[in-house]
Amino acid sequence: MMQRTLFRRGALLAQKAAVEVPLLPMSAPLQPRLDRAMSSVTIPPPECMLRPLEVPFRYLFGPGPSNVPPRVLAAGGRGIIGHMHPEMYEIMNDIKKGIQYAFQTQNNMTIAMSGSGHAAMECAVFNTVEPGESVLVAVNGIWGERVAEIAERMGANVHIMVKAPGGVFSNEEIEKALAKHKPVLFFLTHGESSAGLAHPVDGIGDLCRKHNTLFLVDAVASLGASPIFMDQQNIDILYTGSQKALNAPPGTAPISFNERACQKMFNRKTKPVSYLFDMAHLSNYWGNDGQPARLYHHTGPVLGFFSLRESLAIFAEKGLEESWRHHREVAGYLWKGLEDMGLKLFIQNKDLRLPSVTTIAIPEGYNWREMLQYIMKHHNMEMTGGLGPSTGMVMRLGLMGYNCQKTNADMALAALADALKNCKKSKA
């Protein structure tokens, strides 16, 4: 009884204390901070963000990106899932197999970078080259210039072979430079879109093996339009972008490393300068390192991977040989139409022309910028000028992937003819 009475008395005292103890006043500095956080927004919502998104339709007949087929757009519009869900891993496995087919390789270390072709470009250099090592770069357009700068920025000892835009390096010239500079890596652009050149690749991989050099090839503008065989041509590292003949939106970049490249990049003395592009992590994220679990590295572009998977499926259904043949046929049709108009093609040798991106020598007496602006304004059509070393030398007309049709070639030819008729021509 005594114990029960004491318990009741203690409960009543506690209840009375809870009621009677006054709340402590809020500290003076805290109250203004709360007020500011809740009511002192000084920058109003921008008017542009209160309007619906508007995106014009354009014929993308430049060097890329290209128009995307409805099937790929639909794939990219599906409901999102987690980037580490089992279903996402299955889609990534499909992408890997699709890239292996497109590259004609059995390399296990095959992935798609989260980013544009530049992401794959940097990934290749950052993982296979260490500071102070020798790198040899063939420069005959903008992409060689870019790789040389990337390698220089990360501390490599960079040597360049230079030719004018559209110039071709002979195997003899390449071997001489390999013997002289003893590089760990040699870079060559297969599809030099700034000049419209498809550079020969046969035999170069053999030379690189002879001189213990990794052979890195850029096929961003050429994959799917011009034949390339990674394994047969002894290419150690090959990469491309999603937005050209592959029919997908920009934002993913397939890349593959063979065993020679893997030996170099996984036995380095220093860590790669980029964490995001470190293949030690990316190989696990893509399930290529033999580990039982894939660990978090970064959040991949899920919808971009959906689109890439669908574009690779279209590629597989059509077949590589048919894609190469079709691009060559449409390009030949376009080339004849341009020459019939009196225009000159920048790459004179047909066998060296890039089927996906045609370069036209600027017509004498015309302002190329004025012509391209006229075509955009009156035909809603994108063509572009040169890029890097080819600026002021060419206009570029790209028909690739979904856009690679003779009807589109006819539209482009009509637009050019209209521009030649209506743009001012200088008397000089």
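Cβ from N, Cα, C; glycine included.
Feature annotation from TrEMBL assigns substrate binding site to Arg396. Positions annotated as domain 'Aminotransferase class V' by TrEMBL: 59-405. If you look up TrEMBL, you'll see Lys244 marked as N6-(pyridoxal phosphate)lysine.
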Protein Cβ atoms within 10 Å of Lys244 (N6-(pyridoxal phosphate)lysine), excluding its own: 29
Model confidence over the domain 'Aminotransferase class V' (59-405), averaged pLDDT: 97
Arg396 (substrate binding site), number of other Cβ atoms within 10 Å: 25
